[in-house]
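Colleague: Below you will find the structure I want to go over with you.
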Amino acid sequence: MTTAPSTTEVPAPRRGGTSGRRRLVVVGNGMAGARTLEELLARGGGEMFDITVFGDEPYGSYNRILLSGVLAGDDDEEGIVLNPREWYADNGIDLRCGVRVTGVRTAAREVVDATGAVTPYDVLVLATGSSSRVPPMEGVRRADGSLLPGVTGFRGLDDTRGLLDAARAHERAVVLGGGLLGLEAAHGLRRQGLDVTVLHSPAHLMNQQLDAAAGAVLRTSVEGTGVRVLTGTRASAVTGTDRVTGVVLPDGSHLAADVVVLTAGTTPNTGLAEAAGLDVDRAVVVDDRMRCGGAPSVAGASPTDGVYAVGECVQHRGVVYGLVAPLWEQATVLADVLTGADPTAEYRGSRTCTKLKVAGVDVAAMGLPAPELPGDELVVVAEPSRGVHLSAVVRDGVLVGATLLGDVSRTPALQQAFERGLPLPERRLELLLDLGGGAGEGDVADLDDDAPVCSCNQVTKGAITGAVAGGCTSVKGVMDATRAGKGCGTCKGVVGRLVELAADGALTEDPSVHWYVPGVPLRKDELVREIRERRLLSVSAVFAALAPGGEPDAKSSMGLTSLLRTLWPEDFEDERGGRFVNDRVHANIQRDGTFSVVPQMKGGVTTADELRRIADVADKYDVGMIKVTGGQRIDLLGVRKEDLPKVWEDLGMPSGYAYGKSMRTVKTCVGSDFCRFGLDDSTQLGIDLETRFQGLETPAKLKMAVVGCPRNCAEAYVKDVGVVAVGKGRWEVYVGGAAGASVRKGDLLATVGSAEEVITVVGRFVQLYREWGNWLERTYDFVPRMGLDRLQKVLLEDAGGLVAGLDADLEQAVAAYRDPWQEGREPVTPGQFRTALPLVPLPLVPRRAAGAPGGTSVADIGSDLAAAAAGPAGGAA
Ligand SMILES: Cc1cc2nc3c(=O)[nH]c(=O)nc-3n(C[C@H](O)[C@H](O)[C@H](O)COP(=O)(O)OP(=O)(O)OC[C@H]3O[C@@H](n4cnc5c(N)ncnc54)[C@H](O)[C@@H]3O)c2cc1C
Ligand code: SF4
């Protein structure tokens with residue numbers, strides 16, 4: 001039951017941490033929690049508080065909105081990071097990453113976390129967000145309360161990774177809910193190649209934002225992508241015992257599915273607040289200063305003094321928001337309140353304008369989706385064949401709602417009219433169409449200064465033109481300065497047009513778009529020259545010499561580490577803070593905090609002895625799963641960090657580099673030794689290439705393959721470097737291929753007459769990519785950027801006179817190769833292999849064993865493999 005929060009703010013008593021500052025604890029490191037921290041720091045909060053943040057996801061903060069892009073393969077995980085873990089350390093924030101808070105004791109002013117540790121606070125901010133709602137369906141949960149394997153929400157990075165994994169292994173998905181999230185999930189899974197059906201119980205899609213006509217147009221667009229849509233129906237039960245097999249519809253029919261995604265609403269995470277006695281209704285109740293309410297204590301003062309909440313877990317004036325723009329407004333007010341930057345700051349609620357890209361379709365919606373009263377006017381423009389449906393609802397001459405589907409160019413003008421009740425044009429169609437014949441530029445020129453442009457970050461036209469007047473004349477500069485376009489990104493076009501207009505012909509391109517890393521203002525070639533001339537051997541030396549004010553920048557460290565290793569293979573001074581955890585411990589971190597270990601198997605060839613050792617290691621260290629990888633190696637999944645050195649020692653095999661931005665693996669087919677089509681010895685050439693290039697740092701991961709004839713059984717045409725035997729000792733070398741989220745056939749760089757020449761040409765290409773490729777630029781972008789013609793001139797004709805240098809640099813790098821797993825025997829730092837975090841139990845990652853009921857032991861699998869390896873080595877690639 002709701003009670004109104006106290007309206008008199010009692011300042012939190014100053015108890016002080018070791019520094020004498022007040023202790024601020026934030027629970028939840030999602031978009032609202034992280035934004036609150038940024039706003040606090042911007043107001044000097046770093047000097048006022050000792051800040052501790054608990055986030056039960058094992059990451060820094062990331063842009064949750066872009067998970068849809070990750071699922072669809074349009075974004076990668078690195079691209080969605082908002083603040084990496086180093087950012088917290090750099091700002092003096094104690095980030096308890098991967099740690100869940102389990103209790104709040106308001107009377108004692110302390111929180112208890114899952115490790116049992118108790119952390120006192122003077123000020124507490126709850127930013128716990130929401131979870132996917134689990135509809136009440138028979139069979140959806142197992143006896144222990146966990147979701148049936150194969151049933152998942154779509155809320156966090158782990159859900160997204162799970163969906164991507166499922167997409168690789170399965171074929172059919174059912175998405176429950178045809179709102180924003182459901183359509184995003186369906187779109188992503190369809191893009192990953194699954195058969196997808198959306199079940200939506202209301203009569204039309206996105207019924208909360210769209211009227212029936214717009215919903216029908218959206219449905220046509222969604223179905224056009226191959227997604228099946230069933231409206232007016234719901235799943236009444238989930239079938240399957242060990243894993244989901246489908247859902248049952250109310251008419252008793254069964255819809256088969258290997259994956260079921262729960263996107264029919266979210267539930268605010270209020271458990272902590274409820275248990276602590278705070279006011280909770282549909283969510284945690286806050287007042288206009290984001291304070292929580294609760295029963296007064298016997299001592300008279302409320303135990304909720306100093307307790308605040310922000311984000312999706314919050315209910316303000318009866319409203320629970322599910323979009324970022326209002327949450328960021330809340331974060332701003334809360335930072336003003338906590339730091340005293342604006343003593344009068346109050347949050348009065350938000351009028352939301354939803355601007356989204358749903359399943360590839362632009363959507364903007366505000367206010368009423370359809371007329372409600374008899375006198376309401378409806379203005380509609382529809383072009384169903386182009387997927388466009390625009391409508392506006394006018395009441396008493398004022399815009400009270402608008403829905404734009406497929407063409408959102410009129411959004412800023414409509415939003416301005418909607419939010420401020422502006423007079424509307426006589427010809428109502430002008431609301432939705434630019435009848436003056438302008439190309440949209442007139443639109444933005446006509447906007448008032450306080451017209452909102454970026455709804456996510458509440459940036460107005462005035463703020464954008466003000467930034468331009470203040471000297472920012474590039475689109476990126478204005479976006480950085482105002483944050484416009486940095487939420488869902490749908491307003492970037494309007495921001496660009498506004499900057500162009502305001503700069504009045506003086507538009508510049510921000511040079512930082514060409515910098516190798518954000519914290520050092522130099523292009524890659526300039527940076528390389530400076531590093532070489534000044535002989536800068538460490539990341540900190542680069543920052544000291546080349547960054548503005550000598551300031552380190554956490555987002556730049558990994559890229560610089562990679563570059564320095566490329567430039568100084570022998571002399572590079574390694575500062576381990578510059579590495580991602582995978583590179584620090586030479587293994588790939590998994591969702592539960594354990595690691596995957598992939599030993600090297602050159603060219604995909606192994607021996608019975610190696611397989612026996614792998615089986616012994618798997619048994620000894622209780623490995624969760626043994627998996628044959630797509631790169632023709634064997635992956636031991638579920639190894640604990642502290643066991644890594646012993647695992648490597650027992651394996652006695654070098655690292656397969658399955659974790660780094662480096663040369664990963666060379667796949668081969670069996671080639672001429674065994675295959676009747678084989679034109680040459682692809683296996684041996686694959687082994688030779690892997691021996692030559694093993695472990696080489698590259699701007700992004702690099703994969704190779706060699707095949708014995710153009711039948712291409714090991715997929716050489718779609719690798720970063722692919723080599724194809726074409727007979728009579730000749731080989732074709734392809735570069736820039738891809739077969740992941742992007743698919744590209746490589747370009748034929750050269751046809752050469754011997755295996756030795758292959759190694760030479762490939763070496764020159766790899767070294768050029770190492771030296772000229774941008775950080776995280778895959779070869780499928782690098783090759784088109786350079787142009788095949790130019791690459792051929794540089795590498796084959798030595799047009800720039802670079803070849804001798806490339807050969808020499810590569811030789812040095814190859815000579816510097818050391819197996820990183822040797823480090824296991826001598827840890828570089830005392831904590832290198834110590835587990836810092838509690839491992840998260842992972843119900844969604846079952847321990848798998850091949851074979852019959854009752855399971856096959858790890859040793860059995862190992863001996864099966866060993867037996868297979870001991871037999872003839874020919875067969876499938
Ligand atoms: C796929 C997807 C697409 C979206 N697209 C859009 C869009 O286009 N536009 C838009 O405006 N919005 C969109 N949203 C919604 C938007 O992301 C959310 O409104 C926003 O993330 C909510 O922020 P929050 O911080 O309140 O919650 P969250 O971002 O969910 O963060 C809460 C954090 O607190 C952690 N936590 C919870 N309890 C505890 C505890 N006890 N201890 C420690 N940590 C805890 C959670 O694990 C989580 O990390 C989308 C959301 C998703 C999932
Ligand atoms: S295994 Fe395939 S690619 Fe290799 S030689 Fe035989 S047919 Fe050709």
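Every residue gets a Cβ built from N, Cα and C, even glycine.
Okay, so TrEMBL annotates it like this:
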type	residues	note
BINDING	C669, C675, C709, C713	[4Fe-4S] cluster binding site
BINDING	C713	siroheme binding site
DOMAIN	23-315	domain 'FAD/NAD(P)-binding'
DOMAIN	354-421	domain 'NADH-rubredoxin oxidoreductase C-terminal'
DOMAIN	453-497	domain 'BFD-like [2Fe-2S]-binding'
DOMAIN	589-651	domain 'Nitrite/Sulfite reductase ferredoxin-like'
DOMAIN	660-798	domain 'Nitrite/sulphite reductase 4Fe-4S'
REGION	1-21	region 'Disordered'
Colleague: For the domain 'Nitrite/Sulfite reductase ferredoxin-like' (589-651), what are the DSSP-based totals of helix, strand and coil residues?
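Modeller: Each residue of the domain 'Nitrite/Sulfite reductase ferredoxin-like' (589-651) counted once, the result is 27 helix, 15 strand, 21 coil.
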Colleague: May I ask for the residues of the chain that lie six or more residues beyond the domain 'BFD-like [2Fe-2S]-binding' (453-497) and have a Cβ under 8 Å from a Cβ within it?
Modeller: 63, 65, 323-325, 328-329, 352-357, 362, 364, 408, 411-412, 415, 440-441, 444, 447, 503, 506-510, 512-513
Colleague: Can you work out the mean pLDDT of the predicted model over the domain 'FAD/NAD(P)-binding' (23-315)?
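Modeller: Its mean pLDDT is 91.
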Colleague: What does the DSSP secondary structure composition of the domain 'NADH-rubredoxin oxidoreductase C-terminal' (354-421) look like, as residue counts for helix, strand and coil?
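Modeller: Secondary-structure composition of the domain 'NADH-rubredoxin oxidoreductase C-terminal' (354-421): 13 helix, 35 strand, 20 coil.
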Colleague: For a quick check of understanding: among the binding-site residues C669, C675, C713, which residue's Cβ has the most other Cβ atoms within 10 Å?
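Modeller: Comparing the binding-site residues C669, C675, C713, the most crowded Cβ belongs to C669.
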Colleague: Output, ordered by sequence, the same-chain residues six or more apart from C709 ([4Fe-4S] cluster binding site) with a CB under 8 Å from its CB, or 'none'.
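Modeller: Expected: C675, F677, G678, L679, V724, A725, V726, G727.
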